[in-house]
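**Student:** Please see the structure below; I have some questions.
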Amino acid sequence: MTDARGIQPLLDDETLALSDGGLETALIYLRGIELPLFAACELLLTPEGRRELADYYVPYAQLAADTGLGFVIDTASWRANHDWLERLGHDSDDVRRVNLAAAAFARAVRDCFAERVSPLLIAGVVGPRDDGYRPGRLQSTDEAECYSAEQIRALADGGVDFISALTVNYVDEAIGIVRATRAVGLPAVVSFTVETDGALAGGASLGAAIRAVDVATDAYPSFYLVNCSHPTHLPPELWRGEPWTHRVRGFRANASRRSHAELDEAHALDAGDPAELGEQLRRLRRAMPWLSYLGGCCGTDIRHLTAIAQACVPAVPSSASVSPGAAPASASSGAAPVVGPAPVSSDAAPASVSSGAAPVVGPASVSSGGAAPASAPFGAAPASASSDAARASASSGGAPVVGPAPVVGPAPVSPAAPVSVGPLSSTAVPVPAPSSPSPAVPTFSRPSSGR
């Protein structure tokens with residue numbers, strides 16, 4: 001079994017923690033940012049990109065602070081494995097460099113909200129080696145373990161609390177990732193994605209996939225999630241609460257009930273109905289009261305997470321709602337995220353923050369054994385498309401049922417702390433407040449793989 005110390009709060013049935021929404025779809029469709037190959041990790045490598053990531057993550061952390069819920073900060077590393085970085089123009093040394101930068105950025109967000117959000121954890125995100133919807137190359141368990149080891153080791157060295165394998169669609173890759181995670185002594189979470197029939201892309205049922213991973217790893221994963229699927233796609237066994245479903249403690253929903261094949265052909269965002277999605281997750285939590293980790297995936301944004309919080313915790317006021325792309329609702333001080341100086345060595349332990357100093361993340365100064373800065377500048381990587389672009393829409397029908405979520409009143413909110421997002425100069429530079437998305441949602445040609 002896993003050493004679960006870093007993830008223990010999420011194993012408590014009384015806990016409810018939120019995730020963020022659909023990072024890549026929000027950046028592309030709501031903020032008009034080009035993400036070659038759906039790779040948000042590219043934003044870590046420039047001051048402008050880190051500002052965009054700060055503008056994205058801070059409202060979610062603020063929502064958790066406002067509602068008294070926990071928050072899990074994902075590292076922006078879903079595409080930061082060797083194959084995807086190579087397609088983006090990076091060399092092999094950049095796997096460690098980029099993942100350390102992702103972990104450092106997440107630590108900066110955590111440090112700013114550590115006094116106001118609990119539990120507050122960092123998930124070191126690992127994505128699939130191939131396409132998230134239709135894998136063309138299937139690895140053996142040994143291949144998957146060897147392949148993912150470098151990324152997982154870098155995330156562990158960067159100070160994440162656990163490894164979260166997102167959008168996994170076949171069993172052998174999941175087993176390999178879990179074994180590589182066990183080798184570095186971190187807790188592991190595996191998140192499978194399912195098709196409209198509730199099964200994995202290869203045809204295995206969700207229950208069979210979970211049992212296979214548990215058998216092969218001595219039940220090492222702390223728990224399982226489902227992500228990048230709509231609530232109506234979940235297998236009926238989950239809604240019935242069958243015994244094996246207790247291994248599933250979280251769900252990160254797409255807003256769209258469309259199939260992955262249909263989403264592959266989508267050219268515009270379909271964000272669905274956030275309130276309806278919130279009600280669907282409330283019904284799910286009534287069926288599975290042990291769920292401790294809820295959030296969004298493709299097509300969702302801060303509106304959806306606010307609706308989920310309001311549905312699952314009735315005391316959450318409507319004033320907690322934040323429009324997509326808006327600055328944190330309670331940032332009364334007017335303090336914007338800042339960019340501060342602090343180099344991060346690729347071989348160093350997680351940087352400690354001296355008393356009174358703003359936490360800093362230094363991806364632009366990250367070294368990897370003396371490696372030069374990343375070869376792919378922000379926005380300059382070739383934009384090829386893989387087949388998993390997921391958008392979002394929610395609809396479900398059925399009267400809302402109040403689930404057994406704990407009733408938590410809104411927490412007192414202090415002025416939002418600044419988030420340091422990387423070295424720019426010796427003087428902290430304010431990050432401009434995010435602008436509201438334009439009424440016309442931009443469209444793009446199949447921007448590749450969502451989660």
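Just so it is clear, glycine is given a Cβ too, placed from its N, Cα and C backbone atoms.
Pasting the feature list from TrEMBL:
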{"type": "DOMAIN", "residues": "5-312", "note": "domain 'Hcy-binding'"}
{"type": "BINDING", "residues": "C228, C297, C298", "note": "Zn(2+) binding site"}
{"type": "REGION", "residues": "322-451", "note": "region 'Disordered'"}
{"type": "COMPBIAS", "residues": "322-406", "note": "compositional bias 'Low complexity'"}
{"type": "COMPBIAS", "residues": "416-430", "note": "compositional bias 'Low complexity'"}
{"type": "COMPBIAS", "residues": "431-440", "note": "compositional bias 'Pro residues'"}
**Student:** Under DSSP, is C228 (Zn(2+) binding site) helix, strand or coil?
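**Tutor:** Looking at the DSSP assignment, C228 (Zn(2+) binding site) belongs to a strand.
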**Student:** What is the total of other Cβ atoms whose distance to the Cβ of C228 (Zn(2+) binding site) is within 10 Å?
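**Tutor:** Within a 10 Å radius of the Cβ of C228 (Zn(2+) binding site) lie 29 other Cβ atoms.
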**Student:** For C298 (Zn(2+) binding site), list the number of other Cβ atoms lying within 10 Å of its Cβ atom.
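**Tutor:** C298 (Zn(2+) binding site): 35 neighbouring Cβ atoms within 10 Å.
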**Student:** According to DSSP, does C297 (Zn(2+) binding site) sit in a helix, a strand, or coil?
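**Tutor:** The three-state answer is coil.
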**Student:** Measure the Cβ-based neighbour count of C297 (Zn(2+) binding site), defined as the other Cβ atoms within 10 Å of its Cβ.
**Tutor:** 33
